[in-house]
Amino acid sequence: MEGQTPGDRGLSEKPVPTAARPSLSSLGAIFILLKSALGAGLLNFPWAFHKAGGVAPAFLVELVSLVFLISGLVILGYAASVSGQATYQGVVGGLCGPAIRKLCEACFIINLLMISVAFLRVIGDQLEKLCDFLLPGAPPAPQPWYADQHFTLTLLSVLVILPLSAPREIGFQKYTSVLGTLAACYLALVIVAQYYLGPQDLAREPRLASSPSSWTSVFSVFPTICFGFQCHEAAVSIYCSMRHQSLGHWALVSVLSLLACCLVYSLTGVYGFLTFGTDVSADILMSYPGNDGVIIVARVLFAVSIVTVYPIVLFLGRSVMQDFWRRGCCWACGPRALAEPSGPWVRVSLTVLWVTVTLAMALFLPDLSEIIGIIGGVSSFFIFIFPGLCLICAVSVEPVGPRVKCFLEAWGVVSVLVGTFIFGQSTAAAVMELL
């Protein structure tokens, strides 16, 4: 495909207006996609294998989902080249119209908000286990007030997370970007090693070849997969930052990065489920004893990694709210009556509001699994629905051969239908669990 012209491929490509001299290499793009996908969702894959009824059905659903995940990334790269936009919401708005763009921005904020809640919930769980290790006591005796998760997570949010999230730019985060990938790989290796070399008192399920209880239990894996593999929100920005912006090159980057993610997620899910069986927790680290040194290192690495990723998520959500502010979409204010959205007062106010809301939700929601269902449902818009709509709209304005156009439109319709089903099923299940 590198040696062919756009006309030879049947898909025309337009240059994307990006920053001057995009310098991101292909290897750098792969690692950024890896970092975006390998996050807190890794902790939930063993629990998802249990919910699906075993290794075989969960792995089958994961492989089917991988086809749509890769195609979604390729579609977003193609849509960016057609629309000439450099952001996800810009691509959606440029191809599908302003109404769909507003829906995309609303889903963007909701999704990033719930991801922030999940991050804080994971950090709080690890802090609780670390306090149990540092302040051991008899089981009937309650922990001191300063070891309570409500206090430790609030203190960490005020003293560490809020100052990291307040700056206008987060360029310094590039120095900690490798930490998330290292923590995820370390966790996967630890789970595999614990299965073979761990203590014998770990709970192992004697009959692991269990069948799913119903077809809905198999589909319950989709929210966790969407939560774990979601890197599509950053796909357009990554594509527009690459030196070689060709569709074939981007497809290769997408395939390699998601295959590597699939390997790490599969190892974690399989061996975590084989170790604990039906007793596995929604957070795999919570299933291990709190006094294991290897697990303690994994807790610290994962907590520090998520602390450094949280400001990036907040920055993306805040940028969307600042765009709303610029367009005069605030209550009872005209465009000229608004303060500069990038100014310190507005920026700090939005940051404090974001941290406060997500912290309150993380402290009062009882279980991480309830958050994942909501995130997985909203993520289906970015992985399935919006790429499908962009593909349908892109081929309608581009000179494409009739057979290729028919195939691409059909695939776009299938992506929209699959995404709509996943959103309805996972959101309904999450609401039922909350009720």
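Placement of Cβ uses the backbone N, Cα and C atoms for every residue, glycine included.
Now, the feature entries from TrEMBL:
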- 25-428: domain 'Amino acid transporter transmembrane' (DOMAIN)
- 27-49: transmembrane segment (TRANSMEM)
- 55-82: transmembrane segment (TRANSMEM)
- 103-124: transmembrane segment (TRANSMEM)
- 144-166: transmembrane segment (TRANSMEM)
- 178-197: transmembrane segment (TRANSMEM)
- 217-239: transmembrane segment (TRANSMEM)
- 251-274: transmembrane segment (TRANSMEM)
- 294-317: transmembrane segment (TRANSMEM)
- 345-365: transmembrane segment (TRANSMEM)
- 371-395: transmembrane segment (TRANSMEM)
- 407-432: transmembrane segment (TRANSMEM)
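Note: the stretches the transmembrane segment (407-432) and the transmembrane segment (55-82) are in contact (3+ CB pairs below 8 A, sequence gap of 6 or more). Here the transmembrane segment (103-124) does not lie next to the transmembrane segment (251-274) in space: the count of CB pairs under 8 Å, restricted to residues six or more apart, is fewer than 3. Counted over residue pairs 6 or more apart, the CB atoms of the transmembrane segment (144-166) and the transmembrane segment (217-239) come under 8 Å in fewer than three pairs, which marks the two as apart.
Just going by CB pairs under 8 A, the stretch in 178-197, 251-274, 294-317, 345-365, 371-395 that sits most against the transmembrane segment (27-49) is 251-274.
Tertiary proximity for the transmembrane segment (178-197) is limited to same-chain residues at least six positions away from its ends with a CB under 8 Å from its CB atoms, namely 31, 34-35, 38-39, 42-43, 46, 264, 267-268, 271-272, 274-275, 284-285, 288, 294-295, 297-298, 301-302, 304-306, 308-309.
Scored on C-beta pairs under 8 angstroms, the neighbour of the transmembrane segment (251-274) with the top count among 217-239, 294-317, 345-365, 371-395 is 217-239.
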